[in-house]
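Shown next, in structure tokens, is the structure this report addresses.
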Amino acid sequence: MKFENVLADINGFGRFQIMIIVISFIGRFTLPCHFMLNNFIAAVPSHHCDISSLDDVGIFMNLSQTERLLVTIPVQQDGTPSSCQMFQEPQYHLLFNTSHITDTRKVPCQNGWVYDNTTFKSTLTSEWDLVCDRRGKNKATATIFFVGVMFGAMAFGSLSDRYGRRIMLLISYVSGMVFAVASAFSTSYVMFMVLRFLTGFCITGIVIVSAVLSVEWVDIEHRKIVGVIDSLSWTFGNTVFSLIAYFVNDWRRLIISVTLPLILAIFTWRWMPESARWLIANGKLEQAQMYLKNCANMNRTEESIHTLEIETLSTIVTTEKRDRTYSYLDLIRTPEMRKLALRTGILWFCVATTFYGISFKITGFGLNIYLTQFTYALIELPAKLAVLYLLEKIGRRHTIVGTLLMAAICLGINIVIPKEMSVATTVVAIIGKGFSSASFATLVLYSSELYPTVVRQNGMGYNSFMARFGVAVAPMILLLDEVWTELPQVIFCFVAVLGGIVARTLSETRNRCLPETIEDIEQKQ
């Protein structure tokens, strides 16, 4: 007997399932905000060397601010003051002849920097001077968060398969909120980095646990709808986040603002059920029966409650021992599971690297960064609605292969478009973001359907680890623009193509029952 037969009797997509989706939606709102947070809290405002120490030096104190900058700060090719250099001594002759600067000695900023506070009141960059030769430290603030997410995914994936989905979801809510709020009160760069790592470690449990819980409670017909709705929570979060960031331009207050919704998530957790699939797979049949009866009552299928007997539920999983503890090693013990883990791991790395490689680049298009972020978020809506149609018509595999290859084409087009054509590059980048978003929406559902129940959280934890590894690498890849401006785009394009090739080797899961045991995977092949 399959669990899908039980769901069919008590309605696999009724009010009970809608309640789970709504609760998950609330909890997941804060995730995209934190994942995109560095676009704003680590933004680099216009800046130049601090020349205030020269205020009491002779004639300098009588000059206007424009004249002071002219005689102390070199001008770049685009006509703007240099961000990282200053003249060793004031060049007063430039007040009369701005072209005579060839033999003037330039030195790095000696007394820090002055930042333009027009757009941002305060950022990590201005707080700890993460510019010029410290630019790498700025990008590292994003990387360390995703390294935390990477290891957190492994931890929560394993713990959720061992102790249950529901309790680990609560732990993720509470610990993620505590560390996130604490990071807003950091007094040093090192303290902030440690707390951001812990925030990423804890908050990732929300996405991998809630995604699996939603899929495990719905029937085959509605799995694609649930997967897309879960993905739309990211779209909603990203869209609202751009508005929050616009009105909250202090990095400390912004972190607190996007974290507070977790209070509501913690309050609604009391109504979140445990996964009946997990309970049955682990021999906890009485608890599974209780939740299934609650589902039947809420879905108004009370007439089917008599079919939810312990003896009936005990026949759902009979091919493997229920008292066995599963671990990540079970992903590589058998040949077909090894192939599945290798392919999905590479695919998650490629999809995440492509998606965040595009998402982290919100400057350089000639648009306001808030507008770019808002547009990037808004394009996800039609992209994910299209996924809902494509999943049914052409299946999971063809959808993810097609969207990845289209994202690669967009990245390739932007390599050859002249940067002076800012409108064209922006439009192509937004379209590429839409395709990469569609591939991510498909992947979460696809992967949860590929792995068996007994190791599904371990599988999702491993996949999330690989994805966050890709996300952690993305900011470092963006630094390669110092070697060649288009090198990051070339790398992201190649990664997207690789992902499409790997996705082509996976099996289709459309209209198929979820595998319950590892034997199901081995026998299917």
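Cβ coordinates come from backbone N, Cα and C, glycine included.
As written in TrEMBL, here are the features:
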{"type": "DOMAIN", "residues": "51-511", "note": "domain 'Major facilitator superfamily (MFS) profile'"}
{"type": "TRANSMEM", "residues": "12-31", "note": "transmembrane segment"}
{"type": "TRANSMEM", "residues": "140-160", "note": "transmembrane segment"}
{"type": "TRANSMEM", "residues": "167-185", "note": "transmembrane segment"}
{"type": "TRANSMEM", "residues": "191-213", "note": "transmembrane segment"}
{"type": "TRANSMEM", "residues": "225-248", "note": "transmembrane segment"}
{"type": "TRANSMEM", "residues": "254-272", "note": "transmembrane segment"}
{"type": "TRANSMEM", "residues": "340-358", "note": "transmembrane segment"}
{"type": "TRANSMEM", "residues": "398-417", "note": "transmembrane segment"}
{"type": "TRANSMEM", "residues": "423-448", "note": "transmembrane segment"}
{"type": "TRANSMEM", "residues": "460-480", "note": "transmembrane segment"}
{"type": "TRANSMEM", "residues": "486-506", "note": "transmembrane segment"}
Most Cβ pairs under 8 Å with the transmembrane segment (225-248), selected from 12-31, 167-185, 340-358, 398-417, 460-480: 12-31
Beyond the flanks of the transmembrane segment (460-480) by 6 or more, those residues with Cβ under 8 Å of it: 35, 38, 135-136, 139-140, 142-143, 146-147, 149-151, 153-158, 160, 200, 204, 207-208, 211-212, 328, 331, 341, 344-346, 348-353, 356-357, 360-361, 447-448, 451, 487-488, 491-492, 495
Leading contact stretch, 140-160, 254-272, 398-417, 486-506 vs the transmembrane segment (340-358) - CB distance under 8 Å: 486-506
Rounded mean pLDDT for the residues that make up the domain 'Major facilitator superfamily (MFS) profile' (51-511): 86
For the transmembrane segment (167-185), distant same-chain residues with Cβ under 8 A (at least six beyond the ends): 27, 30, 34, 156, 159-160, 192, 195-196, 198-199, 202-206, 209-210, 213, 251-253, 255-256, 259, 262-263, 265-266, 269, 272
Stretch in 12-31, 254-272, 398-417, 486-506 most in contact with the transmembrane segment (191-213), if contact is a CB pair under 8 A: 12-31
The transmembrane segment (398-417) vs the transmembrane segment (423-448): 3 or more CB pairs under 8 Å: yes
